[in-house]
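Participant: Pasting in a structure now, in structure tokens, and then I'll have a few things to ask.
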Amino acid sequence: MEKMPMKLEEAAPMLNGDTAVVKQKVLTPQTPTNKNGFVSVDDLQPGSKRTLQGLLPQLLVSGAAFLLAAGAGMPIGYSAVLLPQLQVVNSTLPTDDEIGSWITSVHSAATPVGSFVSGLMMDKWGRRRVLQLCVVPLTLGWVMIAVAQSHVVILTGRIMAGLAVGLSAAPGQAKLELQQLVSRVHSEKESSSGNISSWRMFFKPQVLKPVAIVNVFHLVQIVSGTYLVIFYAVNLISETENEAGGIDKFLVAVLTAVFRLIFITIACFLLLWVGRRPLALFSGVGSSVAALGVGTFLYYRQPSSESLNTWIVAGFILTYVATNTVGFFVLPGIAIGELLPVKIRGAFGGYIFAIFNVLLFFMAKVFPAMLHTMGSHGVFWMFGMSSLLGTLFVYLFFPETKGKSLEEIEDYFAEKNVMWLTRKKHQNADEPLKA
């Protein structure tokens, strides 16, 4: 079918309002396309080649988004540093477990508010404006925490930081695949029989299936301890010290942070070379084995070998952090950008992130009571079993998206099959997702 002429600025408003990234260019039947019928990125830019001059602004914009994401992520783990200092005997602001759980969890309770607002704001004003706006509550929150002389001020600062994280999450991890979107938007515009609301679209299989998969993956991420270990690193390891003895809780807590940084860096490269499914399966199996190993060793430990106990427990915990990070920590966020259809990604990305933070708030709030009731060995058993169930879920339902276009992924979810394994029986995983 012959392509109709189309200006890119016509499609730009549908790309979450990011009109600034698109230059005017008319598409005609003579515009060169690749074998899949998509327009080459080189043909969408002035000149025949992408030069360093054109690449530098993209690197600066991406770097700014990543820097903001790092700044917004710091409040998430700050409770692990703050609580042990507030709960020492000679603390200038005595804090019990009840107040401590609120300081930890209120950040996640505030984040959904920012998430709901970010989806609407991003569709109306674009990612750039939303990212600029989130700097205000983030800075204000840190200032309040720094000068706080009461629990109320600390809690207010944590709320402000949580709002900033909610505002920044959806606009900072979604990506624009312009050459695919122009073709997809044009074809959908021709075939559409009128405007369909986002909530009516939700019940379409190509929307309902990926939304369900992402939400379940987030639940697995929470219950398997991914963020709980970050929130309560020192407290959790302190409880482990009581059971195993001889562990320097602050040293192990620092090592977990170092390992997480190292393996996040490694994950960035693995995502370029390894498929999403193998990485998730490796992470799930590794997390499960390590967490179950910690719990079992603590339960059956021999008190006479304190030095050996220390190294074994520390080794299991660091292995858990490393394997959990390369998959369960990074992949749920990536899944939002890769699985959700373009039309609903802005609004529903915010809703999904809000649901995630509501669940995270609940788990963070009750975790100290769980730790005291179950002990550290019971908590790690829970992490291990959750990781194992999460691995089974990934194996059955999570699709491979590496090397697949947005159009192929959306067409895959539009098919009747639900499980990835069902599809693999009649189609090779390396072939396009469409039937």
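The backbone N, Cα and C atoms fix where each Cβ goes, and this holds for glycine too.
When I checked TrEMBL for this same protein, it listed these features:
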TRANSMEM  59-79  transmembrane segment
TRANSMEM  130-147  transmembrane segment
TRANSMEM  207-230  transmembrane segment
TRANSMEM  250-272  transmembrane segment
TRANSMEM  279-300  transmembrane segment
TRANSMEM  312-336  transmembrane segment
TRANSMEM  348-367  transmembrane segment
TRANSMEM  379-398  transmembrane segment
Participant: Report the listed stretch (59-79, 250-272, 279-300, 348-367) having the maximum count of Cβ pairs within less than 8 Å of the transmembrane segment (312-336).
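Facilitator: If we count Cβ pairs closer than 8 Å to the transmembrane segment (312-336), 279-300 scores highest.
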Participant: Among 59-79, 207-230, 379-398, which stretch has the highest count of C-beta pairs below 8 Å with the transmembrane segment (348-367)?
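Facilitator: Highest pair count goes to 207-230.
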Participant: Any residues 6+ beyond the ends of the transmembrane segment (250-272) with a Cβ under 8 Å from its own?
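Facilitator: Those are 77, 80, 84, 229-230, 233-234, 237, 279, 314, 317-318, 321-322, 325-327, 329-330, 334, 402, in sequence order.
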